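Reading through the structure tokens given below for one structure.
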Amino acid sequence: MIVLIEVNIETLIGDVYGNNFDSSLCVFKGYFMASICCTIYHAFVTQAFFRLCRIIYSNHRWLQLYWLYIIIGPIQVIIAFTLLSPLVIWHDVHYLPKEHYCYISFTNLRDALWLVFGVYSIPVSCLSIIYLRITIFIRQQTTNQRLVVRRRVDRDISAIRRIILNISILLSLGLPTVALLLMLVITGIEHPLIYRTMWIAVEVGSAILSVQMVLMTPQLKTIFINRWQQNRVVPAARPLQMRVTTTVE
């Protein structure tokens, strides 16, 4: 998020004053932004895999250990950066003068397809396979078994659906960019707002997911509500007016 804010500031300054922000770190920042987006999508796959293990492989306790997913986190980041490393090896992350930051050029079809494959296609395909596997598993149970399984995994099924909803939101926000990419492929003309449309979708998606994570995760929602209630300003109570009764002797 900090990198995105920095890129927005550089773009704004570049548009107004025409500054050039090409530097030795420019290529790394462009590669870093793409890799972080890839990491976010792949994180949903890890969450779905955890639910898959709880539902289908509940007898394999080691697949549900907390420390296992702590280890998977850094490995997932390494995989995302490695997956997109060909963009750097091919020297295809470069400075975009009209955007005032470094990124791949969508006019290079190889780079665009590789980015879509790494960031979108792999995680969406994995999520679809996991959800399909869980659905088949539940339908293969007998009626009595299905009721037992349903009671046991309702929470996990809800979590999987939330993950699918998150991915659907991100993909829906990316539709304008996809439309502009298709126009580029068909006409050969790059729309001047294609990059800005893409980053607006990323930023809006991040904001929506942040709010949704709080609202749809019971633990986070409880923490947020408790903290909000603690910070509320309680108005001072009005002093009670005491009626003094006087006795007339």
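Glycine too: its Cβ is placed from the backbone N, Cα and C atoms.
Copied over from TrEMBL:
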type	residues	note
TRANSMEM	31-53	transmembrane segment
TRANSMEM	65-89	transmembrane segment
TRANSMEM	113-138	transmembrane segment
TRANSMEM	159-186	transmembrane segment
TRANSMEM	198-217	transmembrane segment
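Using a Cβ-Cβ cut-off under 8 Å and counting only residues 6 or more beyond its ends in the same chain, the transmembrane segment (113-138) has close neighbours at 34, 37-38, 41-42, 44-45, 48-49, 51-52, 55-56, 80, 83-84, 86-87, 104, 146, 149-150, 153, 157, 160, 163-164, 167, 171, 174. Counting residues 6+ beyond its ends, the transmembrane segment (159-186) has Cβ neighbours under 8 Å at 41, 44, 47-48, 51, 106-107, 109, 112, 120, 123-124, 127, 130-131, 134, 193-194, 197-198, 201-202, 204-205, 208-209, 212, 216 in the same chain.
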